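Quick look at what Swiss-Prot annotates:
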type	residues	note
SIGNAL	1-23	signal peptide
MOD_RES	L36	leucine amide
Amino acid sequence: MKTQFVVLLVALVLLQMFAQSEAIWGALLSGVADLLGKRGLKNLDDFDDIFDDDLSSADLEFLKQLMR
């Protein structure tokens, strides 16, 4: 009975390790695929424009229309 329990625990640990490593490898492979894709080499960081401190009058008018 003890041997069966130990075999069950070892099997569960190995299965859990396999499941987690598969998720890690999947995430790494999708990241590499994104880098090598058509849009992967472009800088798609849109957060640089958020901190623009100079606003034109057209920008202010657009913001006023949004806040109505």
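Each residue, glycine too, has its Cβ placed from N, Cα and C.
With a threshold of 8 Å between CB atoms, no same-chain residue lying at least 6 positions outside the signal peptide (1-23) comes near it. According to DSSP, L36 (leucine amide) is assigned to a helical segment.
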